[in-house]
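Copied from Swiss-Prot, the annotated features are:
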{"type": "TRANSMEM", "residues": "15-35", "note": "transmembrane segment"}
{"type": "TRANSMEM", "residues": "50-70", "note": "transmembrane segment"}
{"type": "TRANSMEM", "residues": "81-101", "note": "transmembrane segment"}
{"type": "TRANSMEM", "residues": "103-123", "note": "transmembrane segment"}
{"type": "TRANSMEM", "residues": "136-156", "note": "transmembrane segment"}
{"type": "TRANSMEM", "residues": "169-189", "note": "transmembrane segment"}
{"type": "TRANSMEM", "residues": "209-229", "note": "transmembrane segment"}
{"type": "TRANSMEM", "residues": "246-266", "note": "transmembrane segment"}
{"type": "TRANSMEM", "residues": "275-295", "note": "transmembrane segment"}
{"type": "TRANSMEM", "residues": "301-321", "note": "transmembrane segment"}
{"type": "TRANSMEM", "residues": "333-353", "note": "transmembrane segment"}
{"type": "TRANSMEM", "residues": "364-384", "note": "transmembrane segment"}
Amino acid sequence: MTINPVSRKVAWLRVVTLAIAAFIFNTTEFVPVGLLSDIAESFHMQTAQVGIMLTIYAWVVAVMSLPFMLLTSQMERRKLLICLFVLFIASHVLSFLAWNFTVLVISRIGIAFAHAIFWSITASLAIRLAPAGKRAQALSLIATGTALAMVLGLPIGRVVGQYFGWRTTFFAIGMGALITLLCLIKLLPKLPSEHSGSLKSLPLLFRRPALMSLYVLTVVVVTAHYTAYSYIEPFVQNVAGLSANFATVLLLILGGAGIIGSLVFGKLGNRHASSLVSIAIALLVVCLLLLLPAADSEAHLAILSIFWGIAIMVIGLGMQVKVLALAPDATDVAMALFSGIFNIGIGAGALVGNQVSLHWSMSAIGYIGDIPACAALVWAVLIFRKWPVTLEEQPH
């Protein structure tokens, strides 16, 4: 399919709007991390009980990414985006109105359905809409929108929730999505589906050991991170005994450090992606190990969060870039699988953190998260040695 020639300005506006959409979708996934205590208080529940919402959301995305991608594979992309945004916005209105925890979970499942479709098509859409010769920059913009969700979206959502209530945070995200939808309707041309892949491309991807090994690494390292990260807000208040305001500051520091991580990866990622990811996983191991000892002071936790934020950003960007490089002939299927696998890790980590907090002690989330982190480090070293050229340069 050939899109009618458009000015570079319009082409970039389309990509930027998609990047804003990526920011909004990732913000709504992560923002409950900063609102757990407030949601728990409003429904008279324990924080760890509310935390199961994180696992449900992530696993719905994980399970539904590939089926939804296949079900919508022939659907015109502009129409598909409009439909999933309508579902996304309506579900946020329901989150705002939620009269009990069950209704809130149902609303989050609706958002997760929209999320599952969005992330399976976004990378390939960005490539199609990009100005000539600017595909890499377009993907970088989408990655930046994703990264900013943790850098700005989560902390801002936490601040809004702290001062105006958690319901207002969800309502604001819904309104942001509505504005973005109106921009997409105005800017996007009709986009017939192409290169979306099908079940036929799955065996092809499964026969790529470098890609499969990367998927395994993704789920293990994401599980490690989210075991601790999912409960960092109640950890700061209940274990470290620090204020709710400092919990907000810490989330800002952790997210802001992601900017440093993205700059580092942008500078060195093309040449040294494998080494950077391995070093970042090693840094994650150290951060999780030191989480409880660092809880003795605000300064120690702040310093640790800087390195933690850098590490997880480098890991996330590295994985995404490698998956796209290893599956250029089936980007939608590969990214749907990646999104699903990433969310299996989020859900698993949140569930482990939930169980540790409920049945043992929230103070142990760093130590427990360190177990899969160490396994991820060993696996990373092994696979990057076995497929150094494949992972760095080749699509097969």
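Even glycines carry a Cβ here, placed using N, Cα and C.
Source: prediction; values computed, not measured.
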- Taking contact to mean three or more C-beta pairs under 8 angstroms, with sequence separation of 6 or more, is the transmembrane segment (301-321) in contact with the transmembrane segment (103-123)? no
- Task: With Cβ distances under 8 Å as the criterion, find the stretch in 15-35, 103-123, 169-189, 364-384 that has the most pairs with the transmembrane segment (50-70).
- Result: 103-123
- Cβ under 8 Å to the transmembrane segment (209-229), counting only same-chain residues 6 or more beyond its ends: which ones? 33, 54, 235, 281, 284, 288, 291, 312, 315, 319, 322-323, 326-327, 334, 337-338, 341-342, 344-346, 348-350, 352-353, 356, 365-366, 368-373, 375-376, 379-380, 383, 386-387, 390-391
- Tally Cβ pairs under 8 Å between the transmembrane segment (136-156) and each listed stretch (15-35, 103-123, 364-384), then give the stretch with the top tally. 15-35
- Note on the structure: If you count CB pairs under 8 A between the transmembrane segment (169-189) and each of 15-35, 81-101, 333-353, 364-384, the winner is 81-101
- With pairs restricted to those 6 or more apart in sequence, evaluate whether the transmembrane segment (333-353) and the transmembrane segment (81-101) have 3+ C-beta pairs under 8 Å. no
